[in-house]
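Written out below as structure tokens is the structure these notes cover.
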Amino acid sequence: MDQFHVWFTQARGEGLAEPNAMALATVEPRGVPRVRIVLLKGYDRAGFRFFTNYRSRKGRALLENPNVSVVFPWHPIRRQVSVSGRAERLSEEENDAYFRTRPHGSQVGAWASEYQSSPVRDRAELEERFGQYERTWTGAAEIPRPEYWGGYRILPSEVEFWQGRADRMHDRFRYRLRSEEGSGQLWDIERLSP
Ligand SMILES: Cc1cc2nc3c(=O)[nH]c(=O)nc-3n(C[C@H](O)[C@H](O)[C@H](O)COP(=O)(O)O)c2cc1C
Ligand code: PXP
């Protein structure tokens, strides 16, 4: 995580558009992969956090199979970071704390999109739902978090740092988790052939 922190800080410093956008791959029933972009909302020694709708297609996939893979595609600085691990749901407290920080419209939007990834009739139906929830929460001190909305923590077991270099002679370093004792983690680090 120390190495990730160094690179993430540099990616932000370089002014990349959405350096926290990461492609998240999950495993669907019968072993079919599926990938989509989500936003990294925090990280620490325990893992990488993102937020979504637990009823979404990814949410349903993760119920069956928690294995995930993520890539940060930082093209302008010729870097990528790939992570493999498993995802676990965040606590209710963590979910509430993050939901409270979201803009009003995004909070209402979470209510309007109760079944993320399911078909809806048309745009008008969505807007109608948004309007209904706006009215529901008018005057409320705060909008509660829908129970189906929350986040995951990706617990990494492998992290690879890739730095593009001339002649396709890139630098690649793979960190693999060897053991975890208390709060300490032991990682094996290897250089990989480009
Ligand atoms: C830049 C970008 C950031 C996104 N961030 C999120 C996110 O943090 N959480 C989320 O649920 N969807 C996010 N989305 C939408 C997802 O890519 C995806 O369409 C949605 O989560 C449904 O995915 P699923 O049907 O595979 O569950 C983002 C899309 C883009 C293009
Ligand atoms: C549906 C959805 N949920 C969550 C997020 C990310 O969380 P936030 O809206 O709090 O930035 C996004 C970002 O594109 C999103 O599209």
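Cβ coordinates come from backbone N, Cα and C, glycine included.
Automatic prediction, not curation, is the source of TrEMBL annotations.
Secondary structure at Arg36 (FMN binding site), as computed by DSSP, is strand. TrEMBL lists 36-41, 51-52, 57-58, Gln80, 116-117, Trp162, Arg172 with the feature FMN binding site.
According to its DSSP assignment, Lys41 (substrate binding site) is coil. Long-range Cβ neighbours of Lys41 (substrate binding site) (same chain, at least 6 residues apart, Cβ-Cβ under 8 Å): Asn20, Arg49, Phe50, Phe51, Tyr98, Gly151. Summarising the annotation, TrEMBL assigns substrate binding site to Lys41, Tyr98, Arg102, Ser106, Arg168, Met169, His170.
Averaged across the domain 'Pyridoxamine 5'-phosphate oxidase N-terminal' (13-128), pLDDT in this predicted model comes to 97. The annotation domain 'Pyridoxamine 5'-phosphate oxidase N-terminal' is assigned in TrEMBL to 13-128.
Taken from TrEMBL, the feature domain 'Pyridoxine 5'-phosphate oxidase dimerisation C-terminal' applies to 149-194.
Applying an 8 A CB threshold to same-chain residues 6 or more apart, the list for Ser106 (substrate binding site) is empty.
A 10 Å cutoff on Cβ-Cβ distances gives Arg57 (FMN binding site) a total of 16 other Cβ atoms nearby, all chains included. Candidate binding-site residues: Arg36, Arg102, Arg168, His170, Arg172. Fewest other C-beta atoms within 10 angstroms, Arg168. Within 10 Å of the C-beta of Tyr98 (substrate binding site) there are 18 other C-beta atoms, taking all protein chains into account.
Checking the binding-site residues Arg57, Ser117, Met169 against ligand 2 with a 6 Å cutoff on the Cβ atom leaves no residue at all.
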